[in-house]
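A short write-up of the structure that comes next.
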Amino acid sequence: MAKKRKPSSIKDAGDPKTFDLNFKGPVAKRSCTDVLCCIIFILCIIGYILLGLLAWVHGDPRRVAYPTDSKGHFCGQKGTPNENKTILFYFNLLSCTSPSVVINLQCPTTQICVSKCPEKFLTYMEIQFTYRTNKNYWTYYSQFCKSTFVKPAKTLTQVLLDDDCPIAIFPSKPFLQRCFPDFSTKNGTLTVGNKTTFEDGSGKTRNAIELRAAANRVNKILDARTIGMKIFEDYATTWYWILLGLIIAMFLSWMFVILLRYIAGLLFWVFMVGVIGIIGYGIGHCYQEYCNLQGQPNSHLTVYDIGIQTDISMYFQLKQTWFTFMVILCLLEVFIILMLIFLRERIRISIALLKEGSKAIGYIPTTLVYPLLTFIFLSICISYWAVIAVYLATSGVPVYKVITPEGQCKHENTTCDPEIFNTTEIAKACPGAQCNFAFYGGKSLYHQYIPTFQIFNLFVFLWLINFVIALGQCALAGAFASYYWALKKPDDIPPYPLFTAFGRAIRYHTGSLAFGSLILASIQIFRIVLEYLDRHLKEAQNNISKFLQCCLKCCFWCLETVVKFLNRNAYIMIAIYGKNFCMSAREAFNLLMRNVLKVAVMDNVTDFVLILGKILVTGCIGVLAFLLFTQRLPTIIEGPTSLNYYWVPLLTVIIGSYLVAHGFFSVYAMCVDTIFICFCEDLERNDGSTEKPYFLAPTLHGTLNKMQLVSQKQKE
């Protein structure tokens, strides 16, 4: 008979906390935790919604989709005078070689909306001569002027000053809703409209190469849209194949999770034998190369003797190099073998936990569906953030700035009014200057704080993303904790454990989850600020500042990794005991520190097996997608043809498959982490006696019993 223990509190030698002897699983009676943070979180969400409404009132995403003329009017927008004029026309495309194109992302020439692009060479001076004999030329030419003129009565100088009409037009074709010269190659020579040279309307002779250089300046701004349209076409052609690949990835992930219950140990030991064999082969190869260099001239030299060389192959002609490699590989081989010998029992714990995790998921299959809910929540957050960012970026009224072809005017980039610009002193002081549309903005209080709103939008977005992930971790941890603390599995598992755990997390622990998410979001926003400063101040930084910047990045990355690990375990403790975030994080940290060796080994083995599963699923789907999209399976199945970039759907399938596998295995990782935390708690709370039996599953208990990590009293 097992000796009965007095119902007194149990204290661990290294931990002052008192255990509840009647603990039988996740606490049912709870109270709200971290209420202040919950209130702040709710207020931020309300403010986020109000910001979205404010941006929706002031913003106009059409400003991104439609080209805009020099007056700030949309081309092709319904209900406007430009409804039937869908194409943007540049008065003088040759001026787009100006540095202003790069600085202001605007070509320093008048831009108007037209219904079609010009199809012939014509200059304003030619029109003045031919108007008396043939008025049809002027009728055709006048449609590219800002306003309708009865006849070309103005002189060329007056036209240039008033900026009413282009001084020349060229054969063009619409591209991305803009008129660009109709280039072609004839006998290896670049031509535009079958001409290599042409008059630019001001008495100068230009060639097609100059015109192409100007067009390329504008094209650099529009290249992203071109690629985007081609990518969209590829997605429209292959979307059902991509969907099929993701479904197959989901099926493979599901099968892998099931099979992992039976072959987790086999996978690990096969991998370790393979690693030992590969390192052994490396040692043999290094020894062979070392022996082959015996007697070779200059092979006895050292790295110090030859110094720094750009030709790396020179180092491989030295015996010292191969001897160093051989020593490093031998040390690594010995280290791995010793780790396997001395930690073999801990490794068996990890493998047993992996198998137990598969069994828990089998009893609570709804947990495999939860990643879909997380994906929906994350998609909503990302979409809302993107929409607000676009609306904020397009808020305001048109702002016009002075742009000159040479960029030498002292009034360059100053704001102006296009209605009265020609009568101002700026137009007289800067000949050829234009008052063109630059961007949308304003001087109101709202417009002045748009950058601040964008930062707030990004910060709340990061907070919500981390909160959604935290909610999923806490809900899954509660479900798997219910499984572990059921004495008779599966009979004692409460009904709907995932739904119950999700409800508890939302009702009682929103503040705690928001607290942990806030800490992580603050670190991430600091990292983003550092990246922003690094990119914009890269040229002005010296070596010391670059070194400090690199150190800060490394420190914040390490801090984020540590906080993620602590938060994850804190959420498990919250799901089990229902305490606030700080207390749960402290208890989780103390518990893990008392089992630090088990944690290190368990994490490494678990991470390896899960990474192996992700690589296996992603690799299988990636190979099949590559064979399909490159037309290498015509005898089995005919894939999509005429793709612009076959790598677009291929990368989408590979990344999507990895995310699908990651979603499944993140559930598995959370299951193993929760079972491990509960296992450590179970060993500290109970001794295997009749009064205090272990809650371990029989298979896990058998493994631990053989390793003498649990008491034998449970057998009595």
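Placed from the backbone N, Cα and C atoms, the Cβ positions cover glycine too.
Unlike curated entries, TrEMBL annotations are predicted automatically.
What TrEMBL lists as transmembrane segment is 35-57 (among others).
The transmembrane segment annotation in TrEMBL covers 239-259 (among others).
Feature annotation from TrEMBL assigns transmembrane segment to 266-284 (among others).
Listed by sequence, the residues of this chain that lie at least six past the ends of the transmembrane segment (322-343) yet keep a Cβ under 8 A from its Cβ atoms are 272, 275-276, 279-280, 282-283, 286-287, 289-290, 293, 316, 601. Residues or ranges marked as transmembrane segment in TrEMBL: 322-343 (among others).
Summarising the annotation, TrEMBL assigns transmembrane segment to 363-392 (among others).
Annotation comment: TrEMBL describes 460-487 (among others) as transmembrane segment.
Per TrEMBL, the feature transmembrane segment maps to 508-530 (among others).
Residues annotated as transmembrane segment in TrEMBL: 608-629 (among others).
As annotated by TrEMBL, transmembrane segment applies to 650-670 (among others).
Recorded stretches compared: 239-259, 363-392, 508-530; the one with the most Cβ pairs under 8 Å to the transmembrane segment (608-629) is 239-259. Contact between the transmembrane segment (650-670) and the transmembrane segment (460-487) is supported: at least 3 Cβ pairs lie under 8 Å, counting only residues 6 or more apart in sequence.
Packing against the transmembrane segment (363-392) from elsewhere in the chain are residues 51-52, 55-56, 58-61, 64, 254, 257, 450, 453-454, 457-458, 461, 464-465, 468-469, 471-472, 475-476, 479-480, 483, 489-490, 493, 497-499, 663-664, 666-667, 671: each is 6 or more residues past its ends and has a CB under 8 Å from a CB in it.
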